[in-house]
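Step one of this worksheet: look at the structure below.
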Amino acid sequence: MESQSRSIHNKRSTAMIPALLFLSLIHGVHCFYLPGVAPEDFQKGDPLKVKVNKLTSIKTQLPYSYYSLPFCTPEKIVDSAENLGEVLRGDRIENSPYAFTMQEPQLCTVLCRIMIDAKTAKQFKVKIDDEYRVNMILDNLPLVVPIKRLDQASNTVYQLGYHIGLKGQYARNKEEKYFIHNHLAFTVKYHRDLRTGSSRIVGFEVKPYSIKHEYEGKWSEKTRLTTCDPHAKRTVVNSNTPLEVEVNKEIIFSYDVEYQESDVKWASRWDSYLLMSDDQIHWFSIVNSLMIVLFLTGMVAMIMLRTLYRDISKYNELETQEEALEETGWKLVHGDVFRPPSNSDLLCVYVGTGVQFLGMVLVTMIFAVLGFLSPSNRGGLMTAMLLLWVSMGIFAGYASTNLYKMFKGAEWKKIAAKTAFMFPAIVFVIFFVLNALIWGQKSSGAVPFGTMFALVFLWFGISVPLVIVGGYVGFKKPAMEDPVKTNKIPRQIPEQAWYMNPIFSILIGGILPFGAVFIELFFILTSIWLNQFYYMFGFLLLVFIILLITCAEITIVLCYFQLCSEDYKWWWRSYLTSGSSALYLFLYAAFYFFTKLEITKLVSGILYFGYMLIASYAFFVLTGTIGFYACFCFTRLIYSSLKID
C-alpha cells in the first residue's frame, strides 16, 4: 500500500542503512523514506486548507508570526498544535484567508484591501529591508518559489517561501523605493489515482508579483479589478507596474490558483525539495576523511603491531632489576599510569555527559537514516533529540559513578547530581539569556513560558531521576581492577620536549578530527542558518563513524608518545586532545559567519555565536569522551601485557 510503505530508491539520495555502509560506497546510496504523516485523498471540489507559518529572514535569524504584519486575516485566527521541536524552531502555524477548492482554478481572486498608515508602512519597509520571506503550508508541504538556473544540473531550484517585497528604483531615478508582493500566482500539483479517481497533493509553488491594482468607481466587496480581470482575459504575468509602499495608499491583495496534474507520486513528493546536485562534494568529503582515517590507522597499527610488540617482548625478557632501571619508555611509568588524576570528580562528570551525548547522537542518526526524522515531520528531529537526551541520562549516571568508583571515590550521589545538573545548567543559562534577547525583539522564536516549563520538566522530572538511577547501578557494580599496581609515591616526570607540551599536543590532536568533518559541517551550518533542508543523514552517519575512529586513533597515538616520554598524566590529556576539535569547530563557525552570512544586527550576531557556543560545547563533551575511552582501553591493554612482579 502506498500509504503504509514509503520507500524512495533514489541513486542520488543519501540515507543509508548502517548494515549496507560498505556496499553503499561501491554501488551508490539507497534511501528508505518513511514520512511522518499519512497521505490525504481529495476529490474534485474538496476545500483545501492553506496555512501560514512564520516569517523568516537569513539576515536577522529572528522569525516572526505571519500576522505580526497587517496581512489579510480570516474571521478567526486559529493556531495549529505544534510539537516541541516546532515551537523551539519558532514555527507558528495558523489558518489563512486563502480559500482553495481542489481542481477548480481561480483567477484574480481579491483577498482584501488595506490602507497603509505611517506605522504599517514602516513595518513593511523594515521587513523588506531584512529580506523576510512568507512561509505557507498546504497538506504538510511548504510553499516554494521555483527558480530557473541555467548553471545547475537541474534546471529548477526551489526557494522556501516568497519574499514579502523588494527594493528597487524607477528608471532615471536614483531614489530607492520599497515594493510589496501583493499578487500571488499559486500552482498546486496533484497526482491522480486512476483506480479511485481521488487525488493527492504533490507540489505547492508560487510566483509572487507586485502590481498596482486599479478599479473603477468606489471600492466595495464586488468591485472588479481592471488590472486583473479574467472576463477581459487580463491576468497578472509580470511586475511591470509595481505597487510601492507609501503612506495613505492602499494595498489590494489578490491571488490565482492553478492546478497541474503530475506524474510524481505522493511517496516521492519531497524529492524535488531534497534533491541535491552537489553529492559529489559529499563523496569528496568522505574520501578526504577516509584518507585521514587510513593514515591514523596505519600509525596505530605500527604502534600496536611493531613498536608495542617489540617493547613488550623486550621488557618481559629483562632478567635483572639493574637492566630494568636502565630502560626508558612507557614501562617505567607502570606504577603511576593508573594514579587518579587531579579533579577526578569533574572528569567523571564530563565522561558521563559524553556517554549521554554519544547515545543520543547514535540513536538519532539511526532513526534519521531510516527516514523517521525527515523534513516532512516538522520539528521531529529536535523533539527526538531532546527526548533521547533525557532518556540517555541513565547511561550518563552509570558511566560517571562507575569511573568514580574506580578512582576509589565513595560519594556517588554527589557525582550523579553533578552529572545531572552541570552540563544542562550551563546550556540552560546560555539558552535563557538568548531567549530573553529574542523576547526583547518580540520574535515568535522566543520560547513561550509553557514550553520552557516543559523543558524544565524533562530535565528535572525525567533526566535527573534517570541519572540518579544509573549512578546507583554504576556504583553498585564492581569497579574494574587496574592491570598494574600504583606506587604510593608519585614518580617525578622528566622535562619534556617542546612538542610534548600539553597545550601544543592538545591543540594538534584536535585538527584531524575536525578535518574529518568540516566539509559536512558546511552543509549543516547552511541548512540551519540559510533556511535550507538537510537530508544527508546517510553521509552524516558515515562521517560520524569516521569521526569516532579519528578521535580514538589520534588520542591513542598521542597518548603513546606521551607515555614513552615518561609522562603518566594522560587522563585529562586524552579527554582534551580529541575534545579540542570543538575549538576548531567554533573558529570555523566564526569564519562561516563573516564569509557566508549577511547578518548585520547585533542581537542576531549574539544569537548565532550563542547557539554555536552551545553546539561547540556539546561537540567538546562528545569527542572528548570518545578520546578518553580509546586511551583508557589502550593503556589497560598494553599494561596488562606486561609481566611485572
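Placed from the backbone N, Cα and C atoms, the Cβ positions cover glycine too.
According to TrEMBL, the protein has these features:
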SIGNAL    1-31  signal peptide
TRANSMEM  281-305  transmembrane segment
TRANSMEM  347-373  transmembrane segment
TRANSMEM  379-399  transmembrane segment
TRANSMEM  420-440  transmembrane segment
TRANSMEM  452-475  transmembrane segment
TRANSMEM  496-529  transmembrane segment
TRANSMEM  535-563  transmembrane segment
TRANSMEM  575-594  transmembrane segment
TRANSMEM  606-639  transmembrane segment
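Counting Cβ pairs closer than 8 Å and at least 6 residues apart in sequence, the transmembrane segment (535-563) and the transmembrane segment (452-475) reach fewer than three and form no contact. Counting Cβ pairs closer than 8 Å and at least 6 residues apart in sequence, the transmembrane segment (420-440) and the transmembrane segment (606-639) reach three or more and so form a contact. Between the transmembrane segment (281-305) and the stretches 379-399, 452-475, 496-529, 606-639, the greatest number of Cβ pairs separated by less than 8 Å involves 496-529. It is 452-475 that, among the stretches 347-373, 452-475, 606-639, forms the most Cβ pairs under 8 Å with the transmembrane segment (379-399).
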